[in-house]
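What TrEMBL annotates here:
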type	residues	note
SIGNAL	1-36	signal peptide
DOMAIN	43-320	domain 'Ribophorin II N-terminal'
DOMAIN	328-435	domain 'Ribophorin II second'
DOMAIN	442-566	domain 'Ribophorin II third'
DOMAIN	599-699	domain 'Ribophorin II C-terminal'
TRANSMEM	610-634	transmembrane segment
TRANSMEM	646-666	transmembrane segment
TRANSMEM	672-689	transmembrane segment
Amino acid sequence: MVVSALLLTARPPSLAMARNLVRFLVLLYWISICQAATIFQPISDSHRYAALEIFRPSNGAFGSLEETYEALRTFNILGIQEKPDISAATCKSVSEVLGSSAVLKDLFHALRVNDVLKCEIKEEIYESITSRLKSVLNDARSLLDFYYSIGSLLLLKEQSSGVDLSINDADGVFHSIKALSQSDGRWRYSSDNSESSIYAAGLALEALAGVVSLASSDIDQNMIGTVKNDIVKLFDSIEKYDNGALYFEEKVVDANEHHGPLATTSSVVRGLTTFTAVTSGSLNLPGNSIFGLAKFFLGIGIPGDAKDLFNQIDSLACLETNRVSIPLILSLPATVLSLTKEDQLKVRVNTVLGSVAPQLTVKIVRAFLSASKGTSIIKGQELKFDPQTGLHVLDVLPNAYDVGNYVFVFEIVLHDSEQKDTYATGGQIQVPIYITGVVKIEKAEIAVLDSDLGSTETKKKLDLVGGSVVSLSANHLQKLRLSFQLATPQGNGFKPHQAFLKLRHESGVEHIFVVEGSGKKFEKILDFLGLVEKFFYLSGRYDIQLTVGDAIMENSFIKAIGHVDLDLPEAPEKAPRPPLRPVDPYTRYGPKAEITHIFRAPEKRPAKELSLAFLGLTFLPSLGFLIGLFRLGVNLKNFPTSTLPATFAILFHLSIGAVILLYTFFWLKLDLFTTLKALGILGVFLVFVGHRTLSHLASTSAKLKSA
């Protein structure tokens with residue numbers, strides 16, 4: 001995974017990248033490990049936490065009765081005790097739906113919710129619903145009518161004991177549903193629709209199972225055998241992932257009837273397990289089909305959608321109790337083992353919902369290095385079962401084990417041979433396991449060589465474990481050689497995933513080289529004569545840093561081993577220039593220096609008494625104006641007395657007061673533009689009412705003069 005572009009690069013400094021190079025590369029390596037290895041885990045507490053987070057009621061209820069049932073069903077399967085209390089609001093909705101002439105789908109979901117909450121419903125309502133459902137069943141022509149009506153009758157059978165819910169013409173209903181099937185195991189939604197659907201096949205199987213349960217007499221076994229053959233044909237169209245997971249993918253063209261792989265596979269699993277639960281005899285499904293379906297549902301992790309989470313949990317619950325075969329899931333608490341810590345190999349076997357498995361033995365069929373599949377390091381080793389922890393343990397790894405990437409092949413052996421038909425173990429299961437340890441670093445040295453003779457001019461030992469550094473000097477006619485040896489705990493040669501030598505000039509320009517190795521020895525020789533152009537003819541101090549890292553190497557490191565003072569010739573005119581040093585984002589976008597501002601000292605002001613005296617003088621003109629009005633004998637004798645002119649006169653005086661008030665606000669807080677806008681509006685109104693008022697006064701004065 002060594003990047004060829006890093007063989008020799010010159011780039012501006014990046015402090016974060018320099019400090020985290022090994023961590024970043026190791027992270028990429030672990031991502032590739034996770035992608036290559038799919039380890040299936042049974043349902044855990046993570047699913048329970050997710051269910052409580054995803055299924056959250058609003059105002060004491062969920063959005064619809066369908067969503068309510070999915071939430072309640074998920075909580076019950078996962079065994080969640082501290083679930084939200086929605087009984088009061090939900091039972092009210094259930095009662096309203098059951099007591100009304102609701103559509104068949106809403107009636108079906110209401111009965112499903114009532115089956116969980118056990119709401120108090122009167123027996124008369126059950127009788128009315130039963131009569132309606134039987135009428136719908138007699139006239140049913142579409143698959144959904146059969147599915148909802150039969151499913152509702154089956155729910156009523158569990159909720160009401162005083163109503164006759166048996167189907168008299170069960171063979172006829174069974175044949176009507178079977179008539180919608182296709183030769184490839186798919187089903188149509190109605191006889192008028194030529195499109196067939198895998199999702200519809202799951203609904204049809206559930207409906208047929210309901211007919212068998214509600215039949216007043218036994219169903220013709222030949223018809224049941226035909227349906228079983230249809231199921232086998234349906235599994236011929238099953239899809240497969242590389243990790244062995246099996247799923248069904250819908251091929252319906254009509255977007256209204258299309259469902260994703262999760263919903264489609266979930267529908268088939270519900271139909272399959274429901275049908276096999278009410279019929280006798282075996283079902284000859286190909287290979288590990290049930291185990292592959294369990295892999296699919298466990299392999300999707302924890303869905304973030306409520307519908308997907310319900311489909312996953314409900315399907316796994318169906319597989320947990322199905323009559324075909326119950327999958328047993330082998331999982332490992334840890335797939336990374338440390339030789340330094342003497343970790344034990346531990347294996348856990350549970351059902352898909354995490355229940356305890358029957359008595360069994362876990363055997364290591366073989367284990368080998370992923371790079372050499374032909375050589376098995378261990379064969380036929382049985383793990384010891386610890387009843388207290390429920391784990392199968394390999395106490396000590398054999399001495400032949402060394403650090404590396406291994407593939408362990410496990411096999412589950414049931415103690416009771418009669419349970420082989422009851423449980424599906426998945427055959428031989430391959431699991432990648434990574435064994436880590438401390439790699440020995442020996443004979444590390446750095447030397448300056450004479451370019452012409454190849455003789456060693458300066459050689460110094462390196463302590464790659466401690467903190468010592470070296471100081472070297474060289475010119476363009478010399479070479480720099482770095483060498484060291486890496487060995488595993490067993491003394492074998494070790495090739496790390498990443499080994500880099502970096503030289504960083506004091507100006508910030510960096511050069512990175514890959515350190516190649518053979519066996520235990522790793523060596524890198526830098527011929528400065530051939531690198532002067534790559535080094536941009538920059539003389540001066542170069543800091544030397546060595547990076548060695550691997551996912552299975554517990555002592556990976558990035559270490560500054562010293563510096564070299566390099567004397568290079570002057571750069572020619574047309575020589576390449578070093579790249580510009582980028583601006584540090586921290587200095588550009590980081591916090592700025594605090595600005596301290598010193599205000600100038602305030603100027604001297606007059607005394608307070610003098611200011612108050614001047615304020616009093618400003619009121620003298622106003623006082624003189626009022627005295628003048630009284631001396632002139634101003635009065636309100638000419639104020640209009642009729643209604644309309646008096647109204648205009650009042651508005652005129654109020655407008656003048658408003659203008660004065662506006663000036664006051666302008667002095668206190670308003671800006672000039674806001675004041676001018678308000679003054680324009682007040683001015684127009686003031687002119688209008690003033691004109692009407694003055695016109696009235698002029699008219700009155702003219703009449704008095706003429707009289």
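The backbone N, Cα and C atoms fix where each Cβ goes, glycine too.
Under 8 Å from some Cβ of the transmembrane segment (646-666) lie the Cβ atoms of residues 639-640, 672, 675, 678-679, 682-683, 685-686, 689-690, 692-693, 696, all in the same chain and six or more residues away from its ends. Over the domain 'Ribophorin II N-terminal' (43-320), the average per-residue pLDDT in this prediction is 90. For the domain 'Ribophorin II C-terminal' (599-699), DSSP puts the residue distribution at 79 helix, 0 strand, 22 coil. For the domain 'Ribophorin II third' (442-566), residue counts in helix, strand and coil come to 4 helix, 76 strand, 45 coil, using DSSP.
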